Amino acid sequence: MKILLFLLLVITSLAICEQYEFNIDKSRIAQEFLGKHSKHNNNWAVLVCTSRFWFNYRHIANTLSFYHIVKKLGIPDSNIILMLADDVACNARNSYPAQIFNNQNKMTNLYGDNVEVDYRGYEVTVENFMRMMTDRHEHEVPRNKRLMTDEHSNIMIYMTGHGGNEFLKFQDQEEINSMDIADLIEQMFEKRRYNEILLMVDTCQAGSLFKQIYSPNVIAAGSSMIGENSYSHHSDYDVGVAVIDRFTYFTLEFFETYVVGDFKKAEQRTLSELFNSYNPNTLHSTPFFKTELSPKPLESIPISDFFGSDIKINFLSGKYGIRGNASAAVNSEPVSFKRVGKPHERSKPEKTLEYTWDFYATFSVLFIIVFAASFASK
């Protein structure tokens, strides 16, 4: 009878330890993985040039300028949809074959070896754009032409071309209007295809394209108000045409001045700073911003939420945790990571708590075993 009681006490103590391991350690880990930081965990960029023909060279350069911005800040080609309506790099009029520049100093070839164009030429249509955004593809459409977002995705959409009051032309053949854009975004919202959207448009009367948008968590920025034109910045006499528009030029200038391809600096700059950097006197037009659909103030939104690679890492301690120099892995290149809390701030108190509970659990088990053994020997 005494031996049976001894075995019963030992089994009970082991069960208590197993229950502690499940309830304390595993549940804590699950909470950290599924906690408040899981809402937004990936970024995408959709970059669209809707113009063709040589004299629209600047629209191609505009789009490729944004392409280089997001790539420098860590968004991979797998998360970028690039639509170019014309291949001016191979145009017979191009004095620099297979090259495109956005500045007369020609320091950066925008059309280098690492540019991946997903839709080109006559593939750039209103139908293909709307199918891509709403994920209404035919079965044979390849992976690189699909926007594979979900409710945790932030999407930066950039569009440039010729437009007017509530419309944007595609290749001088068709138009997408403000209602089309509003319905498209609403479909994406209903299908849970985004967390937040930043829509930037560089065209004449760009602000009119946002007039009908009503879906939540959408921020829009346009190069001009209703009734205003948007203008090119400068021409290159060797190329013979304008090489970039003003709105895109000053956006690029902001990133080269304050961010310089550094993700940490992008985390420190906000959308408010970017929008305030646009000067109507230098743009020759009045920039238009639609912000009332976003619940967050622009001052609290870092530009890295849309222009950088946003990969959340939860630092855990204990049996299932990460040991060693975790910060070194976070700072590895070329992908930049956004840390959720500092490693030393998160791990130290958790380890102290864990070791304290481990000590008490071990002490309790030993006490029960010794007590049971002494009781059995009597």
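Just so you know, the numbers here start at 1 and follow the chain as drawn.
Cβ coordinates are placed from backbone N, Cα and C, and glycine is handled just like the others.
What TrEMBL says about a protein is an automatic prediction, not a curated fact.
Features reported for this protein in TrEMBL:
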type	residues	note
SIGNAL	1-17	signal peptide
ACT_SITE	His162	active site
ACT_SITE	Cys204	active site, nucleophile
TRANSMEM	357-376	transmembrane segment
Do me a favour and check the Cα-Cα span between His162 (active site) and the residue listed as 'active site, nucleophile'; whole Å is fine.
7
For the residue listed as 'active site, nucleophile', what residues in its own chain, 6 or more apart in sequence, show a Cβ-Cβ distance under 8 Å?
His162, Gly163, Gly164, Ser224, Glu228, Asn229, Ser230
According to DSSP, which of helix, strand or coil covers the residue listed as 'active site, nucleophile'?
coil
Run through the Cβ atoms and count how many others sit within 10 Å of the one on the residue listed as 'active site'.
18
